[in-house]
Number of protein chains: 2
Amino acid sequence: MSTLVVPANVSFVEDAETLRKACEGWGTNEKAVISVLAHRNATQRKQIRQAYWNLYQEELVKRLESELKGDFERAIYRWILDPEDREAVLANVAVKKSSDYHVIVEIACVLSAEELLAVRRAYQARYKHSLEEDVAAHTTGDVRKLLVGLVTAYRYEGADINARLAKSEADILQDAIKDKKYNHDEVIRILTTRSKAQLMATFNGFKDDQGTSITKALLGEHAENEYKRLLRIAIRCINEPLKYYEKVLRNAIRKFGTDEDAITRVIVTRAEKDLLHIKELYYKRNSVPLDQAVAKETSGDYKAFLLALLGKQD
Amino acid sequence: MSTLVVPANVSFVEDAETLRKACEGWGTNEKAVISVLAHRNATQRKQIRQAYWNLYQEELVKRLESELKGDFERAIYRWILDPEDREAVLANVAVKKSSDYHVIVEIACVLSAEELLAVRRAYQARYKHSLEEDVAAHTTGDVRKLLVGLVTAYRYEGADINARLAKSEADILQDAIKDKKYNHDEVIRILTTRSKAQLMATFNGFKDDQGTSITKALLGEHAENEYKRLLRIAIRCINEPLKYYEKVLRNAIRKFGTDEDAITRVIVTRAEKDLLHIKELYYKRNSVPLDQAVAKETSGDYKAFLLALLGKQD
């Protein structure tokens, strides 16, 4: 469920005028920007961008980029885009930075088949390349095999499950972990092509047999490397995306120096989807409400904007 | 250009009635089936199926399957389906028979990004699996890497080309062929992720440098194997699909015993698209008109149906 608080009546023209006024003159009225944008859903934001263009022949996104700065600017920029366009931007930023490949895994594994396809389309429209092309060109070896397989998937989404297959593929995964061959072609094949429902049955089969989850089993085995890290993230994003996001937030908040990019990413991408559930999970796991934790680690307009997305009433 | 001859006025109800009459009583009136179906485009055939269902609460496809037989039945069955559904059926038949993997390469490399996606959707609707899932489960090693990469591609289709990149990737391909490492990850990466326009620039760069085409260079190098065969087919399907189809027909017709499945496949899948061009290429290359060559190798209703699709007027 969404945390977004949207008023009953919205005038896109008035919103556009408010935003224009906020940007004019000396200094920017960030509060006005937040009061509008943090309380409009994706369809409404699109219409505001359109209304702004019709009124002023200027791109709202560009104007805001030039008016705002720092974490606040990045958060507003990501938020104001259409969801698939935002994910395309996130993927493009991540593909150039190997420490951020988990963002690509997130996008590929959390989104539905149609949502991922929409991101691939948006990516092409924006960058004149395919997402898989850029991922493949920036990576090598096992990491490439895994990432390209994940971003090109168009998984079957029916509920049909083959229990026998789940059993046999759980065995393949067990053998791979036992032999420390996480990078075996079969592991990548299973992870990148099976439907999520089928994979969950496979992971359950693994747990029934081994008494421990596949992610824990992977963690227990010897040295960590980038491929193994991404493999575990892929499994978590497929198996329990909300728990995964809770952990991303927990780590980002706990981290010495705070990982603002991660906080922004989770809040902005999930606010209209399931951030309410993520908040509940966060409270359950940390005994601190998520908005309190975020408030403690952030400041100024950036903080005000995140809290508004988290459901704070003005 | 299409070879299909479609009358100006078509009544779907009358067509459905004609087909019903053709199927009733002792024996089937195959001529009537041909006179209707071989002269209707994909949209019209869909509407005939619908009209038939409305009139008789019976599936036309199933009725025809039970009435007809042999090569004629297979040709009619493939023809009557929606194009994306037909390709899904072809892919599903091919995935189970390793000697037919070239059909999967054809589908993945000749179709546009949106057409291939439509096939993947149709495949899921029909078989409750993804195409890539079945391809991956039936193959191993290099063949799997190549086929899965090709069927999951959603290539960028803009005209933008990076000439420097084409040069450097032509070099990568040259080195791979020189070192007999056709199965190098980089070869597969380039073939499965770059846009067709970019790949054509790369293949041209190869030819400029080496004085011979990449497919000839591949052919010249040592022993043939299944992976290399599929790699060459992929390149030909991307680079010159019409010439590729001409050769499929030429081989199918020349073959001792005639390859009816190949003849049916090319004629049925291309009749509404570019079969006229393929006919021209065939005549140019073989000095025999394609319809004459087909007529010589086939007989009966099957022959009459193929010739009608090839543009023969009744």
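Backbone N, Cα and C atoms are what each Cβ position is placed from, and that goes for glycine too.
Here is what TrEMBL says about this protein:
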BINDING   A:Gly25, A:Gly27, A:Glu67  Ca(2+) 1 binding site
BINDING   A:Ile253, A:Lys255, A:Gly257, A:Glu297  Ca(2+) 2 binding site
BINDING   A:Ala295, A:Thr298  Ca(2+) 3 binding site
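Positions of the features from TrEMBL, shown on the structure.
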| residue | record | CB count, 10 Å |
| --- | --- | --- |
| A:Gly25 | Ca(2+) 1 binding site | 8 |
| A:Gly27 | Ca(2+) 1 binding site | 9 |
| A:Glu67 | Ca(2+) 1 binding site | 18 |
| A:Ile253 | Ca(2+) 2 binding site | 20 |
| A:Lys255 | Ca(2+) 2 binding site | 13 |
| A:Gly257 | Ca(2+) 2 binding site | 6 |
| A:Ala295 | Ca(2+) 3 binding site | 16 |
| A:Glu297 | Ca(2+) 2 binding site | 18 |
| A:Thr298 | Ca(2+) 3 binding site | 22 |
>> So, three-state DSSP: helix, strand or coil for A:Gly257 (Ca(2+) 2 binding site)?
In response: coil
> Taking the centroid of the Cβ atoms of A:Gly25, A:Gly27, A:Glu67 as the Ca(2+) 1 site, which other residues of that chain lie with their Cβ within 8 Å of it, listed in sequence order?
Replying inline: A:Ala22, A:Cys23, A:Glu24, A:Trp26, A:Thr28, A:Asn29
>> Please report the distance from the Cα of A:Thr298 (Ca(2+) 3 binding site) to the Cα of A:Ile253 (Ca(2+) 2 binding site), rounded to the nearest angstrom.
In response: 10
> About how far apart, in whole Å, are the alpha carbons (Cα) of A:Ala295 (Ca(2+) 3 binding site) and A:Ile253 (Ca(2+) 2 binding site)?
Replying inline: 10
>> Can you give me the Cα-Cα distance between A:Gly257 (Ca(2+) 2 binding site) and A:Gly27 (Ca(2+) 1 binding site) in Å, rounded to a whole number?
In response: 28
>> Quick check: of the binding-site residues listed here (A:Ile253, A:Lys255, A:Glu297), which one has the Cα closest to that of A:Gly25 (Ca(2+) 1 binding site)?
In response: A:Glu297
>> Please identify, among the binding-site residues A:Ile253, A:Lys255, A:Glu297, the one with the smallest Cα-Cα distance to A:Glu67 (Ca(2+) 1 binding site).
In response: A:Glu297
> Expressed to the nearest Å, what is the distance separating A:Glu297 (Ca(2+) 2 binding site) and A:Gly27 (Ca(2+) 1 binding site) at their Cα atoms?
Replying inline: 25
> Could you state the CA-to-CA distance between A:Ile253 (Ca(2+) 2 binding site) and A:Gly27 (Ca(2+) 1 binding site) to the nearest Å?
Replying inline: 30
>> According to DSSP, collapsed to three classes, what secondary structure does A:Thr298 (Ca(2+) 3 binding site) have?
In response: coil
>> Suppose the Ca(2+) 2 site is A:Ile253, A:Lys255, A:Gly257, A:Glu297. Which further residues of the same chain have a Cβ inside 8 angstroms of that site's Cβ centroid?
In response: A:Ala252, A:Arg254, A:Phe256, A:Thr258, A:Asp259, A:Glu260, A:Ile263
>> In the three-state scheme derived from DSSP, which category covers A:Glu67 (Ca(2+) 1 binding site)?
In response: helix
